[in-house]
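Feature list (source: Swiss-Prot):
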BINDING   Ala62, Gly63, Met64, Asp65, Lys66, Thr86, Asn139, Asn172, Lys217, Thr245, Gly268, Gly297, Tyr318, Ser319  FMN binding site
BINDING   Lys66, Asn111, Arg112, Met113, Gly114, Phe115, Asn172, Asn177, Asn246, Thr247  substrate binding site
ACT_SITE  Ser175  active site, nucleophile
Amino acid sequence: MFYYLIRKLLFLIDPEKAHTLVLMYLNSKKIQILRKIFIKPIPLKQIKCMGLTFNNKIGLAAGMDKNGDYIDSLSKIGFGFIEVGTVTPLPQYGNPKPRIFRVPSIEGIINRMGFNNLGIDYLVNNVKKSKFKGIIGINIGKNKDTKIEDAIKDYLICIEKIYFYASYIAINISSPNTINLRKLQYGILFENLLRDIKKKQSEMHSKYSKYVPIVIKISPDLSKKELIHISNKLIHYKIDGVIATNTTLDHSSIPKIKNNKEEGGLSGLPLQKKSNDVISILYKNLKRKIPIIGVGGINSINSAREKIMCGANLIQVYSGLIYHGPNFIREIIRNL
């Protein structure tokens with residue numbers, strides 16, 4: 001109830017400013033002290049996946065904490081894992097503001113952020129300083145000015161810099177807000193990417209005597225034929241996991257609703273069915289050889305269960321946290 005009162009005030013503010021305010025609020029020492037006094041500990045519901053032990057199945061999706069500034073405070077919510085980023089080799093501003101739009105009537109969010117971040121070196125320093133002992137995924141992308149033909153170099157730079165500090169690495173090739181990025185999901189570009197990141201993973205494994213799983217984050221706008229092809233390639237190159245899915249460019253589910261004409265990726269409840277359909281196709285074609293992290297439209301315990309039933313091994317939340325607050329996460333953890 002308390003969060004919904006705060007949400008009314010937050011929704012009067014520009015979404016990007018509100019986002020920053022909430023993170024700063026969670027990071028304040030007073031709030032952290034009150035949490036220790038009034039919030040009961042979350043029971044451990046450990047699960048093994050990708051060779052890692054997660055405290056529970058519920059993770060925070062990338063995008064909430066792009067630069068790793070708030071890892072410790074977000075971990076107090078109870079997440080079994082936290083994914084930071086998307087981060088690029090060099091800092092970049094992203095797309096012009098405004099670039100986030102709420103669609104409250106259907107619990108949706110449209111964003112066209114464009115990988116705004118402070119660069120890989122800044123994030124690495126924050127991960128090194130973090131006191132969180134759980135699973136930290138680091139989501140990486142290419143810089144806007146990097147040509148698509150040279151994109152692999154950006155991913156390899158990031159892998160080399162974060163490998164020692166990451167629990168797993170997420171390769172973001174599916175954001176709709178960086179020009180041509182989604183081309184990396186197709187043809188020879190996709191195969192070259194998978195081949196080169198596995199080669200780099202092997203090099204880093206030898207260097208640090210530490211195996212860090214690599215997962216690929218894909219689009220919900222792929223056809224069944226394309227998903228089958230991707231599944232086959234993920235198996236062939238022995239990729240460690242797949243995140244399904246990123247945001248969608250399909251806004252047909254929100255006709256005649258405020259902000260529906262804004263360009264960008266749509267997430268939240270309108271993404272739920274698309275994401276579930278993708279997970280189901282992946283599950284059938286991956287044949288349990290590669291784990292699936294399901295994300296998109298989780299706003300209740302039932303929708304969390306649906307993701308698992310479709311074939312997800314782990315799930316992630318973003319929009320659900322914005323619309324329903326931290327208690328929503330704890331309820332899912334307790335009941336899933």
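Here the Cβ of each residue, glycine as well, is placed from N, Cα and C on the backbone.
From a predicted model like this one, the values you see are computed outputs, not experimental measurements.
Recorded residues Arg112 (substrate binding site) and Met64 (FMN binding site) have their alpha carbons 14 Å apart, per Cα-Cα distance. Spatially close to Asn172 (substrate binding site) yet at least six residues away along the chain are Ala62, Gly85, Thr86, Asn139, Ile140, Gly141, Leu181, Lys217, Asn246, judged by Cβ distances under 8 angstroms. Counting in whole angstrom, Met64 (FMN binding site) lies 15 from Ser175 (active site, nucleophile) by their C-alpha atoms. Here the C-alpha separation of Gly268 (FMN binding site) and Gly114 (substrate binding site) works out to 18 Å. Of all Cα pairs drawn from Ala62, Gly63, Met64, Asp65, Lys66, Thr86, Asn139, Asn172, Lys217, Thr245, Gly268, Gly297, Tyr318, Ser319, which the record names as binding FMN, the longest spans 20 Å. A count of other CB atoms within 10 A of each Cβ picks out Ala62 as the most crowded of the binding-site residues Ala62, Met64. Proximity of Tyr318 (FMN binding site) to non-local residues of its own chain (separation of 6 or more, Cβ distance below 8 Å) is seen for Leu60, Ala61, Gly63, Met64, Ser267, Val295, given in sequence order. The record assigns Lys66, Asn111, Arg112, Met113, Gly114, Phe115, Asn172, Asn177, Asn246, Thr247 to the substrate binding site, and the maximum Cα to Cα distance across that set is 16 Å. Reported as a whole number, the C-alpha separation between Gly114 (substrate binding site) and Lys66 (FMN binding site) equals 12 Å. It is 14 Å from the Cα atom of Lys66 (FMN binding site) to that of the residue listed as 'active site, nucleophile'. Listed binding-site residues: Arg112, Lys217. The one with the lowest count of other Cβ atoms within 10 Å of its Cβ is Arg112. Here the binding-site residues are Gly114, Gly268; the one with the fewest Cβ atoms within 10 Å of its Cβ is Gly114.
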